[in-house]
Amino acid sequence: MPSKYRNFQNSVPWILLFLEVVLIILFYFLFSDDDAPVSTISYPAFQDVSHMVIFGFGFFLTFLKRYGFSSTGFNLLIIVLGVQCSVLIEDLLELFFSFFYCRITKAAVSMTAVVISTGAVLGKANPVQLILTAVVEIIAFHMSRWINTTSLEVPDDIGMMHVHLFGAYFGLAVSSHFSEPSPRTEKNASTPKSDLLSMLGTLFLWVFWPSFNSVLLKNNKTKAIYNTYFALAASAVTAFVLSLLTAKDGKFRMTDIHSAVLAGGVTVGYAANIIEYPWIAMILGLLASGIGVLGSYCLQRCLHPALKIHDTSGIHFTFGLPGVLGALAQVVLSVL
């Protein structure tokens, strides 16, 4: 962590203990699910989402050689704390009257926004800042969902899919308040071992993404699964092609592949259950992957320096812009 980490070392356990005690008290007074109906979400489906959020995103952010333990360890800490907060916030907003598997699954999906935002400030924020940011962001995310559901009348399962978009731009907003690490400190350096672990996280995310896009749907789950798979497959192939075409030495660049192979899953998440033909999902995956690879060059060299934004893990072109494309695609397909 940053050089000021030791100043916060004594504060972290007391903040965590205080938050956990508050959560236990709130759970005691707010929850009584004795008469809740049987959950429509199976445990294997919940397990897929849990694996994706904990293993996938935990290893996905290990590409910095100095923050491998920070990304995996703090990722677990933020998720287990944030899931408890998310369940309480949903209950307080009275967005659902359902069952516990559904609640925990929604909370795990909501935490995707937080771990995406963490990628923008990795190596710059200390533990206290990460914890407080996670709590504030999960509250803001649920408030935005509440506005979407009540004012814009967005279906709840579709409204949940804007986690990628919300997490990316919330993380960029937070990152703009931190200074970029000096190149001399080697905080942005990676090693073959850290890149390998990061690619392992990408593989976890790729495998479990169809479950992520379909777990909260009430209808057309099968259609959402195979549309997501075809979009991911097309984005993976496109990522390898564009990486080879844009490389000066004629070799694959794992940085491009690491970010772009997931772009198809992000884009197709909004409309996975209403896409009638797999070729539409494949086109969306191809476009999303192109945005991921080509956007990394344009944004990192032009836009981010002008706005003084340091995007550590490239969440803007991995989740932000593909999320914008997916939202536009969902509007067009709904109209058609």
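Just so it is clear, glycine is given a Cβ too, placed from its N, Cα and C backbone atoms.
Residues or ranges marked as domain 'Ammonium transporter AmtB-like' in TrEMBL: 36-333.
Annotation source TrEMBL lists transmembrane segment at 12-31 (among others).
What TrEMBL lists as transmembrane segment is 43-64 (among others). Same-chain residues lying 6+ beyond the ends of the transmembrane segment (43-64) with a Cβ under 8 Å from its Cβ atoms: 71-72, 75-76, 79, 101, 104-105, 108-109, 111-112, 115-116, 118-119, 122-123, 187-190, 194-195, 197-198, 200-202, 204-205, 208-209, 211-212, 215, 258, 312-313.
Feature annotation from TrEMBL assigns transmembrane segment to 76-101 (among others).
TrEMBL lists 196-212 (among others) with the feature transmembrane segment.
The transmembrane segment annotation in TrEMBL covers 224-245 (among others). Tertiary proximity for the transmembrane segment (224-245) is limited to same-chain residues at least six positions away from its ends with a CB under 8 Å from its CB atoms, namely 206, 209-211, 213-214, 217, 251-253, 256-257, 260-265, 267-269, 272-273, 275, 278, 280-286, 288-290, 292-294.
Summarising the annotation, TrEMBL assigns transmembrane segment to 279-299 (among others).
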Margin query: With Cβ-Cβ distances below 8 Å as the criterion, list the same-chain residues six or more beyond the ends of the transmembrane segment (196-212) that contact it, or say none.
Written below: 45, 48-49, 51-52, 55-63, 68, 109, 112, 190, 224-226, 228-229, 232, 236, 254, 257-258, 261-262, 265, 269
Next item on the list: Grab the pLDDT values for the domain 'Ammonium transporter AmtB-like' (36-333) and give me their mean, rounded.
Entry: 81
